[in-house]
Amino acid sequence: MTLPASPPRYAVIGNPIAHSRSPQIHAMFSAQTGRPLRYERLLAPVDGFLPTVQAFRESGGLGLNVTVPFKLEAYALAEARLSERARLAGAVNTLSWRDGAWHGCNTDGVGLVNDLLRLGVALAGARVLLVGAGGAARGVLQPLAAAGCARIHIVNRTAARAAELAAAWRAAAPRTGTQVSAGALAQAAEPGGWDVAINATASGLQGAAPDLPGGLYAPDALAYDMMYGARPTAFMRQAEADGAARCADGLGMLVGQAAESFHIWHGVRPDPGPVLLALRTELLAAG
């Protein structure tokens, strides 16, 4: 008698990790596409990323989503086998075991761009304000440029960090038609306003918004916060008061980056729409 094969094993690794919605998202993608899988949460000690990954691989693991605080360690693990997106992001959030080695990719920016397109944003020729200069901001520069944005202006509480990120991008990135500039938060205003403003800071964790000046938005502009919740974030409320025509949170980005990871692992692109609707309904019910 032949025993049925175990479904392929995947996981999300981080610390903390109990809050992660990734198992729920990938279970819905699995049901939608008919691709059986086992997907779990892996809590790694802050100094134990590599041993945890090794044990996961020895148990048959084939892919990992990587979250805080391990994206840089995942980058180092796969440094010889990085996608262009991961190389330019300087961080890895998706590991795939292929040909006897871990390969690294970064799907955060693709998740953001796909969600902006879902929301009807015309990114070709768009002027984008990117608030924040950390890993979240760096991870979305390449996909935004690839989508044809005319200008990306990075602003940060510490202006020097924004300038460093812009300079690093210009040095490492292929030539595109996208102008990347930088400044302080107080230098966020643009004549005519921005078409899209993206909050890539963690200010929402404290219920706060970045200290931005007023008059930021073009007539049909969208304000987008990478954070998400049952209620509009502080950044979204700030943007609405400043005249942004529309506001959105980052739940669609979360689902979108997971969909890209699923595609990398399984060769099938799931539909994020039903999953996003289910998560939004759940959030609203809990809130």
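Glycine too: its Cβ is placed from the backbone N, Cα and C atoms.
Taken from Swiss-Prot, the feature shikimate binding site applies to S20, R21, S22, T67, N93, D108, Y228. D108 (shikimate binding site) carries a helical DSSP state (H, G or I). Applying an 8 A CB threshold to same-chain residues 6+ apart, the list for D108 (shikimate binding site) reads A89, N93, A136, G139, V140, M253, Q257.
The local packing around K71 (active site, proton acceptor), expressed as other Cβ atoms within 10 Å of its Cβ over all shown chains, amounts to 23. Annotation comment: Swiss-Prot describes K71 as active site, proton acceptor, evidence class sequence analysis.
Taken residue by residue with DSSP, G135 (NADP(+) binding site) is part of a helix. When other Cβ atoms within 10 Å of the Cβ of G135 (NADP(+) binding site) are tallied across all protein chains shown, the result is 18. Taken from Swiss-Prot, the feature NADP(+) binding site covers E84, G132, A133, G134, G135, A136, N156, R157, T158, A159, A160, R161, M226, G250.
Candidate binding-site residues: T67, N93, N156, T158. Fewest other C-beta atoms within 10 angstroms, T158. Across the structure, Y228 (shikimate binding site) and N156 (NADP(+) binding site) are spaced 20 Å apart at their Cα atoms.
The two recorded residues, R21 (shikimate binding site) and M226 (NADP(+) binding site), show a Cα separation of 15 Å.
Among the binding-site residues E84, A133, T158, A160, M226, the residue whose Cα lies closest in space to that of T67 (shikimate binding site) is M226.
Here the CA atom of K71 (active site, proton acceptor) lies 21 Å from the CA atom of N156 (NADP(+) binding site).
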